[in-house]
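Undergrad: Please find one structure pasted underneath; my questions will follow.
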Amino acid sequence: NSSQVTEFILLGLSDMRELRVLFFTFFFLAYAMVLLGNLLVIVTVRTDPRLSSPMYFLLCNLSFIDICCTSVTSPRMLVDLLSQRKAIAFEDCIAQMFFLHFFGASEMFLLTVMAYDRYAAICKPLHYTTIMNQQVCCALVSACWAGGFLHSIVQTLLTIQLPFCGPNTINNYFCDVPPVIRLACTDIYVTEWLMASNSGLISLVCFLVLVTSYTFILVTVRLRFTEGHWKALSTCASHVMVVTLFFVPCIFIYLRPFSTFPSDKHICVIYTVFSPVMNPIIYTLRNNEVKVSMWKLWKRCRV
């Protein structure tokens, strides 16, 4: 395009050196927890034959996406927290934006599939093995990745066709659609509504599907007071916590005109850092089968 801007300047989370050091320590520990926690979930699920149900297959994919998603923003953020000048090349900025939305949208679709899996397990237990067999699971996961790619490529193409010829300061710690297109030196009214319809509606529709699934699950559990159903409900409660942490900030950020409302970089921390940290904690500490498998894996490694 006709852009004259070759790099963007990221303002980061704070200008105060003391706060930057504090943030670096906190986010470094959070990133380490994301990597170690999610890798532990993947290794546990892959090495224990008893964890071969669709729920654990989807959980393994969720852990992989969390590692990828947080690795798009966290390493760069950690480096910038210790740097005076936080510059990022135009091409690197667009690439970061593409992969962030690719993995982010894929996670949204995957969380929706996981809710459908819990709905099938609780509300259709006799048909569960038919509804969620291995072929169906692989097809649904592939569809999640394909949907994430389609969503992200649309966002990227809408961004790179804009001219950037003036200010290049991004009030955030990573490149995202709202703060970037706000710097374009052209009218972005149509573009921002197209992007809000893309990102915002995907977030909202997936969230509504999830809420509907959990509503059916709660109604079913009320009518069936069995130990198995209460166990499944406990799993769903953990899922609801992850969904709330991930979807509500995304809906708030993307389902509104980008140029009218200022971007809130502190809210972005919730779905780029906190949600990936919480996933392995919630799915392991509240799941006895995973905890037992992890303990056995630990004992094998010590031997």
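Cβ from N, Cα, C; glycine included.
Got these off TrEMBL a minute ago, pasting:
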- 21-43: transmembrane segment (TRANSMEM)
- 37-283: domain 'G-protein coupled receptors family 1 profile' (DOMAIN)
- 55-74: transmembrane segment (TRANSMEM)
- 94-116: transmembrane segment (TRANSMEM)
- 136-154: transmembrane segment (TRANSMEM)
- 201-221: transmembrane segment (TRANSMEM)
- 233-255: transmembrane segment (TRANSMEM)
- 267-285: transmembrane segment (TRANSMEM)
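Give me the local environment of each listed feature.
TA: Residues 13-14, 59-60, 63-64, 66-67, 70, 74-75, 77-78, 81-82, 273-274, 276-277, 279-281, 283-284, 290, 294, 297 of the same chain sit 6 or more residues outside the transmembrane segment (21-43) yet have a Cβ under 8 Å from a Cβ within it.
Tertiary neighbourhood of the transmembrane segment (136-154): same-chain residues 54, 57-58, 61, 98-99, 101-110, 113, 116, 198-199, 202, selected by CB-CB distance under 8 Å and a gap of 6+ residues from either end.
Only residues 6 or more beyond the boundaries of the transmembrane segment (267-285), in the same chain, are considered here, and those with a CB under 8 A from a CB of the stretch are 13, 27, 30-31, 33-34, 37-38, 40-41, 59, 62-63, 66-67, 69-70, 73-74, 100, 104, 172-174, 176, 238, 241-242, 245-246, 249-250, 252-253, 291, 294.
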Undergrad: Same chain, outside the transmembrane segment (94-116) by at least 6, Cβ under 8 Å from its Cβ: which residues?
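TA: Tertiary neighbours of the transmembrane segment (94-116) are 55, 58-59, 61-62, 65-66, 68-69, 72-73, 76, 88, 140-141, 143-145, 147-149, 151-153, 155-156, 159-160, 174-177, 180, 199, 202-203, 206, 209-210, 213-214, 239, 242-243, 246-247, 250, 271-272.
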Undergrad: Across the domain 'G-protein coupled receptors family 1 profile' (37-283), what does the mean pLDDT come to, as a whole number?
TA: 84
